[in-house]
Amino acid sequence: MADESSDAAGEPQPAPAPVRRRSSANYRAYATEPHAKKKSKISASRKLQLKTLMLQIAKQEMEREAEERRGEKGRVLSTRCQPLVLDGLGFEELQDLCRQLHARVDKVDEERYDVEAKVTKNITEIADLTQKIYDLRGKFKRPTLRRVRISADAMMQALLGTRAKESLDLRAHLKQVKKEDIEKENREVGDWRKNIDALSGMEGRKKKFEG
């Protein structure tokens, strides 16, 4: 027994089998082949029941919030607008009460105006900050442009201002040439052979050849 154990210990252990990896084709085939769809743990009827329950809870919450707002509004109105006691009041007392009510209305209007001014200011600041953010990001908001028909003269007038007339008057910058000068140039060009003969001294020889 001891010899067998010693022989087993002396022999080299066999190498483990190499792990076979799937090729790209195998992975592609595995991805494209149909697999059994996993069944959902919740049935369709159970899902419908849960959705209905969630909608009912949301509806109850909205109704509760609306009731709380109505109650809060009633409490505020009861504290600020107390019922008037007009029994046993004389003419002068009624006038004093009307003056007090008018003064309270004026005060409320002033407060409302101040609140509206603050809201308008905040809206303007928010719009300015939003535009600055767009500018920093490089996203410029395009303004709404209207199509306007305009002539070329009006466009040049708008672009150049007082220089529009000067730029449009192109003939003023051209050199004026008289008709007499043009005829003179044509006459000189037409007699170029005579001029060449006179300059070259060939007029006598030409007569000999012609004779």
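Quick reminder: no glycine exception, Cβ is built from N, Cα and C everywhere.
Checking Ser6, Ser40 against Swiss-Prot for the annotation phosphoserine singles out Ser6. Range annotated as region 'Disordered' by Swiss-Prot, chosen from 1-25, 176-200: 1-25. Its Cβ placed at the centre, Ser78 (phosphoserine) has 10 other Cβ atoms within 10 Å.
Here Thr130 (phosphothreonine) is positioned 17 angstrom away from Thr144 (phosphothreonine), judged by their C-alpha atoms.
For the region 'Involved in binding TNC' (33-80), DSSP puts the residue distribution at 37 helix, 0 strand, 11 coil. The subset of recorded positions (Ser78, Cys81, Cys98) lying with their Cα within 10 Å of the Cα of Ser151 (phosphoserine) is empty, i.e. none. Mapped onto three states, the DSSP output places Cys98 (site 'Involved in TNI-TNT interactions') in helix. Spacing of Cys98 (site 'Involved in TNI-TNT interactions') relative to Ser45 (phosphoserine) is 66 Å (Cα to Cα, whole number).
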